[in-house]
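These notes are about the structure you will find just below.
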Amino acid sequence: MDIRAAEISAILKDQIKNFGQEAEVTEVGQVLSVGDGIARVYGLDNVLAGEMVEFENGTRGMALNLETDNVGIVIFGADREIKEGQTVKRTRSIVDTPVGKGLLGRVVDALGNPIDGKGPIQATERKRVDVKAPGIIPRKSVNEPMATGLKAIDALIPVGRGQRELIIGDRQTGKTAIALDTILNQKPLNVEGAPEGQKLYCVYVAVGQKRSTVAQFVKVLEEQGALEYSIVVAATASDPAPMQYIAPFTGCTMGEYFRDNGMHAVIIYDDLSKQAVAYRQMSLLLRRPPGREAYPGDVFYLHSRLLERAAKLNEDHGSGSLTALPIIETQANDVSAYIPTNVISITDGQIFLETDLFFQGIRPAVNVGLSVSRVGSSAQTKAMKKVAGKIKGELAQYREMAAFAQFGSDLDASTQRLLNRGSRLTELLKQPQFSPLKMEEQVVVIYAGVNGYLDALPVAKVRSFEDGLLSLLRGKESAILDAIRTSRDLSDDTAAKLKAVIESYAKTFA
């Protein structure tokens, strides 16, 4: 066997040339102190604001305070396992979350990890949780309705796709119930094979709620067949403050996927008061200076940058939309507190719920006088505009008169008539939970109310009159509902037919 020296040297040279020194360079720091879910770390000089870092035991955190000699990190998890002197390494990625249709029907935590025991998430894309809102040029004014299925809201405080409508009220006034009914009302739009432009996907973000409450909510969605077009993001009361702070942003990013791909979504933040409290806790522990009510100075920016991401995009950007329904809990109906006034000024209107109305049996307990929708009326259908214009005026007069009527017993006939009509319209706007009405059904019911067909009835009979009329129109006279649904208008011809049907029904009902 002949071994040539030249060959050997050539092979050696080649191997030396191709010798790759695989070295992983990671930037690490050291934990200086840890406590209350906050870690102070020394040595992460190049860390980015909002970057994910990893502790020795695999717990993750987010760098929030970048100071001269150390970094303040909020911990996404328990801080019991983290000790002084442990190493922390950079991940070189800003906090992100999985997005896409693979999340529909799932319950995830604030970082997008599944918590429903149904296996891993089938999502290929990941997006940053905190991104800049769309500018002015890609936007379009709100022009399509986002139906909630509730007469009181769709007629008087209409919400459009791409709008931000605040739901505000004390505890136990039915805020979450309105949100739940809105999700259930989208079921007919999300049927299999429906065009994407019609569908409305739902994202529900639970912040600081009891686990039992969230489980109950998910159970209702499942039973009603609404979970398949919904995503639930849960950061419960037992989760650390950073999770409660980041959850709304995570949910928003999931909703933005639909908005940016020419689809439509609605996101419900339940509720932002608890997110503000979590943010206040983090800020104070990071030793940021407190402001009014001990909230940090940038708590307005916290909510504005979140809610500005809800938008209706124009045709050049796919015509998608993201509607936001933030919920705020007030203390003793105090709308002038810091967080409520902030969010009222950011949103395009508010639905104000009152405890007194709730206990009077007016449910949904919407105070029609204080509630407004600043942009929704341009999204209302023509049919609804025609009937709802009257009901607004009648109810406003009724509220004014009812206040005066308490003082005097001898009222003239016109005032008496106004009070009678008002009390029946108020009764008409009541609606039990889980029974949303389609737009055309709301139109015919309100038409009957504003045209005086309920005036002769006792108030207690209004509900049964409404139910009977609707079952008649859904059955024998379904052509009227079909005409309103297809034209989205109440033509003179349809109105005449409707009038005849209501009149004949009123005679038999009496």
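Using N, Cα and C of the backbone, Cβ positions are placed for all residues, glycine too.
What Swiss-Prot annotates here:
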type	residues	note
BINDING	Gly169, Asp170, Arg171, Gln172, Thr173, Gly174, Lys175, Thr176	ATP binding site
SITE	Ser371	site 'Required for activity'
Rounded Cα separation (Å) that holds between Gly174 (ATP binding site) and Ser371 (site 'Required for activity'): 15
Cβ within 8 Å of the mean position of the Cβ atoms of Gly169, Asp170, Arg171, Gln172, Thr173, Gly174, Lys175, Thr176: remaining residues of the chain near ATP: Glu329, Leu353, Thr355, Phe358, Ala365
Per-residue Cβ crowding (10 Å cut-off), top of recorded positions Gln172, Thr173, Thr176, Ser371: Thr173
Thr173 (ATP binding site) to Ser371 (site 'Required for activity') - Cα separation in whole Å: 15
Fewest other Cβ within 10 angstroms of its own Cβ, chosen from the binding-site residues Gly169, Gly174: Gly174
Where Gly169 (ATP binding site) sits in the secondary structure, as DSSP reduces it to three classes: strand
Close in space, distant in sequence - Lys175 (ATP binding site), Cβ under 8 Å, 6 or more apart: Ile167, Ile168, Gly169, Asp270, Asp271, Ile327, Glu329, Leu353
Asp170 (ATP binding site): tally of other CB atoms within 10 A of its CB: 18
